[in-house]
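S.K.: Okay, so Swiss-Prot annotates it like this:
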- 41, 108, 119, 120: Mn(2+) 1 binding site (BINDING)
- 80, 108: Mn(2+) 2 binding site (BINDING)
- 124-139: motif 'Nuclear localization signal 1 (NLS1)' (MOTIF)
- 184-247: motif 'Nuclear localization signal 2 (NLS2)' (MOTIF)
């Protein structure tokens, strides 16, 4: 192929193609088909421009080279074939002098008569397929597209072919000649198929023996041997109807392709039922902290020491009592468990030296709360093979739950700023190479936007709790260890602060497999009255344990302090992921970075500084019933972070399923918005798969509600 290209094309074109391939790091000795394609495209661009001039009256005329009028103004400016820097300089110059809109991608030509950029395409496939690909990539009404094929077909924007018929015929004849020359040398099939990315390597050797038998056995239905299947594939027309392709694959498939129009999609049906309940492993917006600033006490940094110091800052303790019972639990046991924690903490304080860890007495209330001796006895399967009615436990279907407003409030709160810094710069990692200067700048800007965010507090809280629980589960397997729920931050003045949210008591934890469960009881402080949204706290028993004096603009006021108690469980694998919640920072930073990259590629310079410092510009954050919500770049950073954090906090099979299935519908809707005229079959089945995941999970239900808002506004 390389020899053919050098013989068939003008040396200047060959040299330009070599430069282009070198610029993109491609080896023309290996990518010979690409080499031929670039030469062909260059030649078509030059032929398109040749002999076309504009006279003094501004009319387009065709003039042969030996004509004395060849000093007339060229009608077309050739952009293709120049190196990228020079090409963009030419484009910018044209835009400045003509007022044309700057294209996002480098076009091939500029037409001074029609005042428009032109994108030339040369395809070995169907012209309309290639045209759609070009149009979808460019997404600009200002760039004119003209596609030629090797079979003499052509397609142009609005059927406006720009050139006279004779000029176009010259191009088509040249393409047909190239095709014939390639075919004569046995190069055409490889060249034709390479545009579709087809592998042709199997044509070079014969499959025999065992591999041949395996090939014959693994054919799709209705094909008796490999030759038949090969013949079918070779003659396969890519522009055939999808229905036809499907029916050829299997007699069982009978799919009717339906056009997907603006009126086609319906909203996702959310389940009815009682409101959904809070299921996170720790309280989020309702959490209350007992804090100490600039901790310098003996044993500072040892969780139990820190916890006792924080507990001493509160003086409003009172005799606890139940204000919202757990419907199914033995509520007095929860009350007794809290009293036991207070008593055992008091015992520690009375000791001469405070221990580093505290194992609780195995009282009846804790045994009940932690499910001690409740698990059924495990019997080896071999010992019960002969039991005729051996069967798995009957399990009830989960009860359907409806979306409740509290989860949207939780998300909104997670996006807000607090008055403390929750991460230091080194949480994301230091530079390791000079090239990371821009990365450092982006990281610093991003950190500044999210370090005060409540979602970042949830990350650090989650990392601490999961690390402490996993350590205790491994180090004290048989003990009911008391684990303080602690976080650390800095005040806006830069002072260190240690916070206590409550306590966890861990149950027995002989965790052999990743999915083996350790039970724990969580006891968390809060100022939220559970009677305001009792459905949210279905899984909790809530006690009133004290009164807190709060300073406000009108003076001091007393508020009841509550303790939210519940039995919960987790596993090694869940704790492992919980310990790695800092990944959420990285994920949201990468999403922001892709936005900066998109902006930078359009402007052709790094836009990091402008992106973060232009406070007047707003960005789309998400959909709501009101429409598309906009906000500052900081709000975008915090929203993306909160989404990532909630995906971690509320991780579940329902979320996995909903994300995977709803994405398919999203892609079809996106194709419709891009005017790609998508078609679908079994759309009902897709809706079924999506709605199957909407059971009772609050975060999934909220995402489904957001998806419906998106559908409403995307298809207006």
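A Cβ is built for glycine as well, from the same backbone N, Cα and C atoms used for every other residue.
What you see is a predicted model, and the numbers here were worked out from it, not measured in a lab.
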S.K.: If I restrict to non-local contacts, at least six residues apart, and a C-beta distance under 8 angstroms, what lies near residue 41 (Mn(2+) 1 binding site) in its own chain?
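M.R.: Expected: 80, 108, 120, 122.
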S.K.: Take the motif 'Nuclear localization signal 1 (NLS1)' (124-139) and count its residues per DSSP category (helix H/G/I, strand E/B, coil), listing them in that order.
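M.R.: The composition, in the requested order, is 12 helix, 0 strand, 4 coil.
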S.K.: Using Cβ-Cβ distances, find the residues under 8 Å from residue 119 (Mn(2+) 1 binding site) that belong to the same chain and are at least 6 apart in sequence, listing them in sequence order.
M.R.: 105, 107, 108, 134, 138, 143, 144, 145, 146
S.K.: Just to confirm my parser: what is the rounded mean pLDDT across the motif 'Nuclear localization signal 1 (NLS1)' (124-139)?
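M.R.: Taking every residue of the motif 'Nuclear localization signal 1 (NLS1)' (124-139) together, the mean pLDDT is 82.
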S.K.: Any idea what DSSP makes of residue 41 (Mn(2+) 1 binding site), helix, strand or coil?
M.R.: helix
